[in-house]
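Novice: Would you mind keeping the following structure in view while I ask a few things?
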Amino acid sequence: MASAALPEAVEPKKKGNVRFAFACAILASMTSILLGYDIGVMSGASLYIKKDLNISDGKLEVLMGILNVYSLIGSFAAGRTSDWIGRRYTIVFAAVIFFAGAFLMGFAVNYWMLMFGRFVAGIGVGYALMIAPVYTAEVSPASARGFLTSFPEVFINFGILLGYVSNYAFSRLPLRLGWRVMLGIGAAPSVVLALMVLGMPESPRWLVMKGRLADAKVVLGKTSDTPEEATERLADIKAAAGIPAELDGDVVTVPKKENSEEARVWKELILSPTPAMRRILLSGLGIHFFQQASGIDAVVLYSPRVFKSAGITSDNKLLGTTCAVGVTKTLFILVATFLLDKVGRRPLLLSSVGGMIFSLVGLAMGLTVIGHYPDAKVPWAIGVAIASTMAYVAFFSIGLGPITWVYSSEIFPLQVRALGCALGVATNRVTSGVISMTFISLSNAITIGGAFFLYAGIAVLAWVFFFTFLPETRGRTLEAMSKLFGATDEDDLKPRDGATKDKKQLEMAGAAN
């Protein structure tokens, strides 16, 4: 597929007052702290868990990465749950589940109880990862959607930093107590989050799907740049939901979905997609796969082990250097939030992955040289390895990190958005789980430098994929995305074919009233 055919970016409207949407996005995205904290805290806590529970590297790998596999349950359940009880209460539900998981991990008395705690926490993480970007994308105006939808990644990084700080702060506690406090204290943010989220409005798209047009108008009026944009967004959402344009009122009767509705969604997205839908699916799953396959969890989750390979041996120095990784990631993700709607997704993504490739090669070279001289310190190689690690997380955070969640949350059409985003999160978590549960074994098999050379090769494939398949989405409304991927007007109507019978039912109901 030639890159020359990719549509040009649309210049976004001048930003109006997005303070309300900003507040909603912050509250929804705070659920991502849960995943970030777990990643960050496990990187250091694993040092003490291994000593205290006396477990092998194999069991440690599984413990570190299994949460990603468990989160699949939450990510798939979140789509159905959010369509049933709404996006807002799904966020509260995610926080409650993670609270229970953190509580169990904090009081774990053995390896298997710790694994069960990670199972429960993983379900909560899956819920949070799927619902936060969906809610934020559905609330945000097009002019600020990139900025606001990048917030989940911002809070993942903030959570990672909190986890690193927790490692450093509690590392001086007794061995049996330290790692349990590190894990258990993660329950505290989830309680605060659940209470704060109750003050958020519901997603206007979910309200329209439930026929609550008056409530949707209120939310759209508060989150749009102009009244005209609010009216246009409402019309687009109604059309995407299969509600006739002429049907209006505070609350309208939306035709009940038949048993075949879910099968129809799977057919449109997976079993018999149009060429445009196939490209949307490939793009959404591909960006999630490459985000994790390029090795970010190997660097973030195993950073103490990486730095130990680079010649840093003291636990305090290891955890202190790891905190520097967290600070770097957080600072650069904040820079990315301000560039997404100014520079665009595509330029940031390509430059980000390009920088990651060079950083991974530098890290791999530095670690390989250090590995060849195990009995002697090679200062320049140690410096290259540490600098490359910092550069890698900086390049990741300024592009591929946040854009993955922004892009995948905005390209799927409304009728398949919940399923599409759930599949994206599933791809992300499975890939992350494979990376995190194989890194130690891979390093032992081909050396730690060889592992990062492998991730560099995957990053090259990612750059080619993004350059070829991903069009610019800056400034487009969610309902207009399918045309960027080659959909025709006829394709746009296909998902609404089922709405023809629905419209007749509405007309009959209106006549009866």
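Just so it is clear, glycine is given a Cβ too, placed from its N, Cα and C backbone atoms.
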Novice: According to TrEMBL, which stretch among 250-271, 492-513 corresponds to the feature region 'Disordered'?
Specialist: 492-513
Novice: When the pLDDT values for the domain 'Major facilitator superfamily (MFS) profile' (24-474) are averaged, what is the result?
Specialist: 85
Novice: With Cβ distances under 8 Å as the criterion, find the stretch in 91-109, 115-135, 147-165, 380-407 that has the most pairs with the transmembrane segment (419-440).
Specialist: 115-135
Novice: If I count Cβ-Cβ pairs under 8 A between the transmembrane segment (62-79) and each of 20-42, 115-135, 147-165, 318-340, 380-407, which range comes out on top?
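Specialist: Between the candidates 20-42, 115-135, 147-165, 318-340, 380-407, the best contact partner of the transmembrane segment (62-79) is 115-135.
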Novice: Examine the transmembrane segment (147-165) against the transmembrane segment (20-42) and state whether at least 3 Cβ pairs sit under 8 A, considering only residue pairs 6 or more apart.
Specialist: yes
Novice: Look at every Cβ pair spanning the transmembrane segment (280-303) and the transmembrane segment (318-340), keep those 6 or more apart in sequence, and say whether at least 3 of them are under 8 Å.
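Specialist: They are in contact.
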